[in-house]
Amino acid sequence: MSAEQTNIKVVVRVRPYNRRELEQNQRQIVKVLDNNTLLFDPDEEDDEFFFQGTKQNYRDITKRLNKKISMDFDRVFDPEATNRQIFEECTSPLVASVLNGYNCSVFVYGATGAGKTFTMLGSDSCPGLTFLTMRELFDKIQAQSSTHKFDVGVSYLEVYNELVMNLLTKTGPLKLQEDSNGVVVSGLVLKPIYSADELLQLLAQGNSNRTQHPTDANAESSRSHAIFQVHIRMTDRKTGTKRTVKLSMIDLAGSERAASTKGIGVRFKEGASINKSLLALGNCINKLADGMKHIPYRDSNLTRILKDSLGGNCRTLMVANVSMSSLTYEDTYNTLKYASRAKKIRTTLKQNVLKSNMPKDFYIKKVTELMAENERLKIKVAQLEKASEATRSYNESELKAWYSKIDAVYASVIKTQEYVIGTQSKIKSMNFREKLKKENIACNKLLERNSVNSEEVSELKVKKKNLHVLYVCSLTTFYSNFASILFSLKLISDIFIIRQVALSVSLRVTYPLLLCTYRQ
Ligand SMILES: Nc1ncnc2c1ncn2[C@@H]1O[C@H](COP(=O)(O)OP(=O)(O)OP(=O)(O)O)[C@@H](O)[C@H]1O
């Protein structure tokens, strides 16, 4: 897996004046010039001093010249900047990195009262980077839950007087050990969590266990280094690839000079040990910045724990907190010097992919099997495609044959029907004609008798003529029906009706024929 070289990202946050600073009306020693640059110890623009009517550059000739040092950082946040703004610009991108398999660390550095805890934890109304980052992390975990399985565990440690304590269980001191994965805290059991709310509850619980004592600069000064870590194991549901990553949020104790906290007794020891660990941190930062090979991480427990974040496989963000009041001149200067040095540190990033325990042979066998299966399936697909094509063509030709057979049968049925109908009407008209003939014979017989009188003779003759007309009609299929109707209605003696029927059907050819037959 390729490794990527990157610098530690360093941002400076300048906090607003606190009440004490405003009351003492001190001068401003940090001026934010733009998003990346600040001026430390600028000239006092309004501090004008006139001697005998002439403006003097310096009121006090014994006073040293202002440093006027311009410093560049990855980002400089002025006193108006909010925690959300810093989150969006600095730690939100880290969440995406974590879920891509990179270890990430955020640590805040600065003197007591400079705003480290405010930046990291914030308050209910103004949540800090830890809260906002964890919320974002869980939102993203939720969004990816269909493709990945996530196992999340957290730990919250404090390093106080060089002792490592578990803030979640209030137990310790714990020992640090080194293995191939780096420094591990022996006996530390990760607390599994399933939601952002659960995580935030644990954070609150750990904070309440944190060692705090008031200092001159901060009534709730944190006297220990707090290290909140989220360990995530991601399993790709499709490929089964596993990754383990760690996101660390570190709130360091104040980096002020021991003298500035005016500690005695326990507080002095506390201050000395904070200084010892921060001195060790400073040494590591300096050596890393100079590209030295040997880095004295082992000088303190803090640097041992931060080894990963500073010089290991980790994307690291350092937030240097400073006050702009001249009351904190030395501390602010030191913090900015540290931050400038830290900018030079380069870390090497690698995506964390868990090695599988399966031997190589297993995968070789598996791939060979899958390739053979693939070939077998390809052949099967080709066979099926061929078979389905053959079935399709057979069906089409057979269907055509069936259609033409059906058409032929249908045509012959129609023909037969027509023939039957034709035959029926032929039989009908033949029967009708037979009837007409019989009637004519009967008329003839009556006419041959001597007993019929002259009136009856003329009536029989008219009937004979009409029978003849009907006979002629019966020779055509169309008129045969009319003729048979007239005959059955016994209207054959009324030639007028026959004439009307012929007229109504407007058969100009047949009508003269009928008339001429009638005239005969
Ligand atoms: N950016 C800010 N805006 C408003 N108030 C701030 C800001 N930064 C710090 N403060 C206030 O300043 C005070 C000291 O801040 P904080 O406790 O964060 O300092 P610290 O650096 O953590 O100090 P210590 O090392 O002693 O714990 C707090 O009351 C805090 O609310």
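Numbering starts at 1 and runs along the chain as displayed.
Cβ atoms are placed via backbone N, Cα and C, with glycine included.
Copied over from TrEMBL, here are the features:
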- Gly110, Ala111, Thr112, Gly113, Ala114, Gly115, Lys116, Thr117: ATP binding site (BINDING)
- 360-387: coiled coil (COILED)
- 7-345: domain 'Kinesin motor' (DOMAIN)
Listed binding-site residues with Cβ under 6 Å from ligand 1, out of Ala111, Thr112, Lys116: Thr112, Lys116
Residue among the binding-site residues Gly110, Gly115 whose Cβ has the most other Cβ atoms within 10 Å: Gly110
Reported mean pLDDT - the domain 'Kinesin motor' (7-345): 83
